[in-house]
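Okay, structure first, notes after.
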Amino acid sequence: MMEKTRVLVLYYSMYGHIEALAQEVAAGAAEVEGVEVVIKRVPELIPEEQARQIGIKLDQKAPVATVEELPEYDAIIVGTPTRFGNMAAQMRNFWDQTGPLWLQGALIGKVGSAFTATATQHAGHESTILSIHTTLLHHGMIIVGVPTNCVELTQIDEVAGGSPYGAGVITGGDGSRMPSEIERRIARVQGRHVAQIARQLKVGRLQAQAA
Ligand SMILES: Cc1cc2nc3c(=O)[nH]c(=O)nc-3n(C[C@H](O)[C@H](O)[C@H](O)COP(=O)(O)O)c2cc1C
């Protein structure tokens, strides 16, 4: 029997929007036969007492990832809220510990993808995703976004996050807007697309090795 293709959805979420989108991305990836999906978070850097005071969502069930486990996956899909157009410090901090993996070339040839959340429509959606892509490219990963045959990408009937760069949610200034159905659908398409490509690459590699 062919080895499973392993997809990691790795996220940081302060108020739950990215957590919700991560679950949709994972559900889309899980639709692909032969794929096993794992959802994990990066560690919080804000002390617990302060986190409670500012209302950080502390009941998130996903286990915390370690840097050392990244090579176990065939694809890594990274989700982070925007911070002034960049990834959140918690996610940056995690990737800044991957120097040893970079030295070993441990992530070369794996599939990488990214999704985000912003408070407003034009406040860093694409630049945040690109900030993740940059890091993944330095690791030699193959970048995958949302395929442009995803019809939700071109709708203009309602405000929605998501672009060919990656899925996204617009949270509203007060964070009251959770992912809409359109945003959830784009996230599922992204998860499925990444998983399909990772599966095809893995099957191709295993067949080439066996030949
Ligand atoms: C320090 C800081 C900087 C932020 N910068 C931006 C920004 O540049 N553009 C924007 O639309 N939202 C910005 N936000 C809002 C967050 O992106 C929003 O709270 C987040 O997407 C919610 O996702 P989460 O619920 O998964 O934490 C910022 C929030 C904080 C705390």
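Keep in mind that glycine also has a Cβ here, set from the backbone N, Cα and C atoms.
Where the annotation comes from TrEMBL, it is an automatic prediction and has not been curated.
TrEMBL has this to say about the protein:
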- SER13, MET14, TYR15, GLY16, HIS17, ILE18, THR82, ARG83, PHE84, HIS138: FMN binding site (BINDING)
- TYR15: NAD(+) binding site (BINDING)
- TRP102: substrate binding site (BINDING)
- 7-194: domain 'Flavodoxin-like' (DOMAIN)
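Ranking the binding-site residues TYR15, PHE84 by the number of CB atoms within 10 A of their own CB puts TYR15 at the top. DSSP gives the residue listed as 'substrate binding site' a helix state. For the binding-site residues SER13, HIS17, TRP102, the ranking by surrounding Cβ atoms (within 10 Å, all protein chains) places HIS17 first. Of all residue pairs in SER13, MET14, TYR15, GLY16, HIS17, ILE18, THR82, ARG83, PHE84, HIS138, the annotated binders of FMN, the farthest apart have Cα atoms separated by 29 Å.
Confidence across the domain 'Flavodoxin-like' (7-194), taken as the mean pLDDT and rounded to a whole number, stands at 97. Every protein chain shown contributes to the tally, and the Cβ of THR82 (FMN binding site) ends up with 23 other Cβ atoms within 10 Å. Classification of THR82 (FMN binding site) by DSSP places it within a strand. SER13 (FMN binding site) sits 25 Å from TRP102 (substrate binding site), taking the C-alpha atoms as the reference points. Taking TYR15, THR82, PHE84 as the binding-site residues under consideration, the smallest Cα distance to TRP102 (substrate binding site) is found for THR82.
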